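Features reported for this protein in Swiss-Prot:
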- R87, R97, R121, D211: substrate binding site (BINDING)
- D211, D235, D239: Mg(2+) binding site (BINDING)
- G271, S272, A273, P274, D275, I276, A277, G278, Q279, G280, I281, A282, D283: NAD(+) binding site (BINDING)
- Y128: site 'Important for catalysis' (SITE)
- K178: site 'Important for catalysis' (SITE)
Amino acid sequence: MNLAIIAGDGIGPEVIGEAVKVLDAVLPEVEKTTYDLGARRYHATGEILPDSVLEELKVHDAILLGAIGDPSVPSGVLERGLLLRIRFALDHHINLRPAKLYSGVTGPLAGNPEIDFVVVREGTEGPYTGTGGAIRVGTPHEVATEVSLNTAFGVRRVVEDAFRRAQQRRKHLTLVHKNNVLTFAGALWWRTVQEVGAEYPDVEIAYQHVDSAMIHIVTDPGRFDVIVTDNLFGDIVTDLAAAVCGGIGLAASGNIDATRTNPSMFEPVHGSAPDIAGQGIADPTAAIMSVALLLAHVGETDAAARVDKAVEAHLSSRGDQELGTAAVGDRIVGLL
C-alpha cells in the first residue's frame, strides 16, 4: 500500500505519529509519503494545496489526515482550500462515520446502552455545493437562498454503498430525511432507497424524519444499523452519534470514493486543538481508529480487526488513568 500522510495543524502531527506507529506494527510494508499542508505552509508560501501536490495525492492508495485549522489563519481558508478541495477533486461522495460505544467508555446515556451503527452520509451534494446567493444585501429587503442539490446519480451511488454495508452487518437500513417538508429531494431519496432495496431483499428498510431520528439516537440507539442520509442531515446526525459514544475524541471518519478511482481519506473527527498542541496530552485514539477504517477500506481486513480489537482492549481496561499521547500509542501497540 502507498499511503499519503497529511499531519496538518495543532495536535495533528502528534496523533498521526501514534496512528502511524500502530499502522507500522500491523502492516510494516506500507510505503508512506508525508505532505506538509496546513497553516505552516500557508504562512511560509501562501500556498494551501498546489495543483502539483493534488496530482501527487491522486496516485496513492489512501490518505491519512490529522487535523486542519489554526487561529492564525482566517476561519474557512484552510478548510475550503484544502479539505473541501480534496473532497471534490477526489470525488469523496461518501462520508463514513461509525458510531460504537466501546466497553469501558462512559457515554452520556443512562445505562450505557449498546450502540453500534454506521452513518453513510452523502458528501458532495446537498446544500454544501455553494449553489445560492443573495440580493439587496444589508437592506431590509435582503433575500438569501441556499439551494440543496440532489442528483439521481449522486443519491444512488451513496444508497448503493449503504446497502452493501447493511448486507455485511445486521441487514437493516434506515433512510433519514425530512420528506414531509423537503418533498422533491425527499421523494428522490426515498424512491432510490426502494429501488436499490429491491436488489437486497434480505435488508430491512426503514424511514425516519431527521428530528425523530435524533430523538431515537438518544432514547433507542440500538434500533439503528446503517443510516443513510444527505449531506446536511448527515453533518448533524454524525455529531450526535459521536456524542452518545463518548465524544468526538473517540470518533473516526472516512471520506470515500466508493468507485475506488481516487484514494479515500481517513481522519479523526476532532479538530486541531491548538491550545494543547505540543504538550503530549492529546488522545490519539480517534486517529488510530481511523487507521482501522483505512485498513478495512483497502482490503486489509485482518489488520483492521486487530487494530479495532486492540483499541477496544485499551478502552475497556484503561480505567481512570491519564495517559499521554505516546503512552496511548504504545499501549495499543502492546495490545495488538
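Glycine too: its Cβ is placed from the backbone N, Cα and C atoms.
When secondary structure is read from DSSP and collapsed to three states, D235 (Mg(2+) binding site) falls in the helix class.
For A273 (NAD(+) binding site), other Cβ atoms within 10 Å of its Cβ number 20.
When the alpha carbons of Y128 (site 'Important for catalysis') and A273 (NAD(+) binding site) are compared, the span between them is 25 angstrom.
DSSP assigns K178 (site 'Important for catalysis') to coil, not to a helix or a strand. Restricting the binding-site residues R121, D211, Q279, I281 to those with a CA within 10 Å of the CA of D235 (Mg(2+) binding site) leaves R121, listed by sequence position. Considering only the binding-site residues R97, R121, D211, the residue whose Cα is spatially closest to the Cα of I281 (NAD(+) binding site) is R97.
The Mg(2+) site is defined by D211, D235, D239, and by the 8 Å test on Cβ atoms against their centroid, the other residues of the chain that qualify are V210, M214, L232, F233, G234, I236, V237, T238, L240. Least packed by the Cβ count within 10 Å, out of the binding-site residues A277, I281, is I281.
Spatially, by CA atoms, the recorded positions R97, R121, K178, D211 include one closest to A277 (NAD(+) binding site), and that is R97. With respect to D239 (Mg(2+) binding site), the closest of these binding-site residues in Cα terms is D211, chosen from R87, D211, Q279. Closest to D275 (NAD(+) binding site) by Cα-Cα distance, out of the recorded positions R87, K178, D211, is R87. Residue environment of R97 (substrate binding site) contains 23 other Cβ atoms, counted within 10 Å of its Cβ in all protein chains.
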